[in-house]
Amino acid sequence: MSEILSVKAREILDSRGNPTVEAEVILDSGYSGTAAVPSGASTGSREALELRDGDPARYLGKGVLQAVQNVNDEIAPKVIGMDGRDQVGLDSFLIELDGTENKGRLGANAILSVSMAAAKAAAAECELPLYRYLGGAMASLLPVPMMNVINGGAHADNNVDIQEFMIVPAGAPTFGEALRMGAETFHNLKKVLKSKGLNTAVGDEGGFAPNLSSNEEAMEVLMQAIEAAGYRPGEDIYIAIDAAASEFYKDGSYHMSAEQSPTKSAEEMIAFYEAWAGRYPLICIEDGMAEGDWGGWQALTRKLGYNVQLVGDDVFVTNTSIIAKGIADGVANSVLIKLNQIGTVTETLQAINMAFKAGYTVVISHRSGETEDTTIADLAVATNAGQIKTGSLSRSERIAKYNQLLRIEEELGASGCYAGMSAFRV
């Protein structure tokens, strides 16, 4: 048994300058692990609850001192002496200690910080990289990156409705080459935008955030950038979008300010996506329908699920009970995985396993409010997920994950493999 010797949490800042929770777990062997929790801007209504202080005089109400106190004063005394290598046992205890459906008493940010830090401490004690500790001997698949190079919606202060436009270098032979292809396309995209007199300031996730004449103009400039970088759209590099449709869904309709026909029914939204899939190498649509539009999701899946990856984020929130219902009802064909949506490492792994068993694909994801923590890079390899979303080719909190994947690829050597097009079952 490897006993937990101490647990300490602190308040740090994320990439948006908002407070978040960082925890450090030390084992009796002297090995330790430190983990920081991310935070989202567009969130599903059924996500595990992120505890904020609500004091307007401090960090505009976004402080996390209560969550930190919950770790230091309530969680720490009760987990000291527990087996640091028993991740399932620790996480089950934390869930029981909280006692709520959404981890709202202690805070999912408090619970997750301890869960992640304990996993890192145990990996260090075993003298294993985190991906090997969590995934075992079979962890060897480097994920295809979905690189968010144009930001809109809740991630940027512009007029673009679609939250993310991503380049997907699925045609690369290795992860390192995929990263290079993405970076070169990103730099060419900046040139394309500048040539059109468009703003090249970046949004929360490091992508450009220009005002555009329409949502489709974003697709057009992406195509130009891919070709300008010397790559073939639909062979070397594909396109993915995160509509985050819940953000513009109201009173049963979708309201898109950048469109000539701004109000759309579910059927019209599906036709909108179908038209794009016909004109562009659109390999993936995330949150194409609102989380509350279950019927719209089913219709979208019936219409496009055979040739486009349809990822559920807000609709599933990494929750196995909701994912199970989606699988049974024919909603989406892929699940986005975010650690802080559910709040423990164990529940995250359970969600991934459920998706894979149902024949769904899995995309490991960051949040718009990130830190230098690289856990999700290891998680992607540990689970052989095959796909990762961790932002653009700028901002160090995004690049940190890419650099960690480069290190993992180097460490795996000939035993590693880049997922490429095999990650997509469409």
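Backbone N, Cα and C define each Cβ position, glycine as well.
(2R)-2-phosphoglycerate binds Q163, K338, R367, S368 as Swiss-Prot records it, and from the list K190, K191, K389 the residue named for this site is K389. Together with E286, D313, Swiss-Prot lists one candidate of D236, D242, D251 for binding Mg(2+), that being D242. Using a 10 Å radius centred on the Cβ of E205 (active site, proton donor) and all shown protein chains, the other Cβ atoms total 30. Using a 10 Å Cα-Cα cut-off around K338 ((2R)-2-phosphoglycerate binding site), the recorded positions E205, D242, E286, D313 reduce to D313. Checking each of the binding-site residues Q163, E286, R367, S368, K389 against E205 (active site, proton donor) by C-alpha distance, the shortest gap belongs to S368. Taking the Cα atom of each, K389 ((2R)-2-phosphoglycerate binding site) and D242 (Mg(2+) binding site) are about 11 angstrom apart. For the pair E286 (Mg(2+) binding site) and Q163 ((2R)-2-phosphoglycerate binding site), the Cα-Cα distance reads 10 Å.
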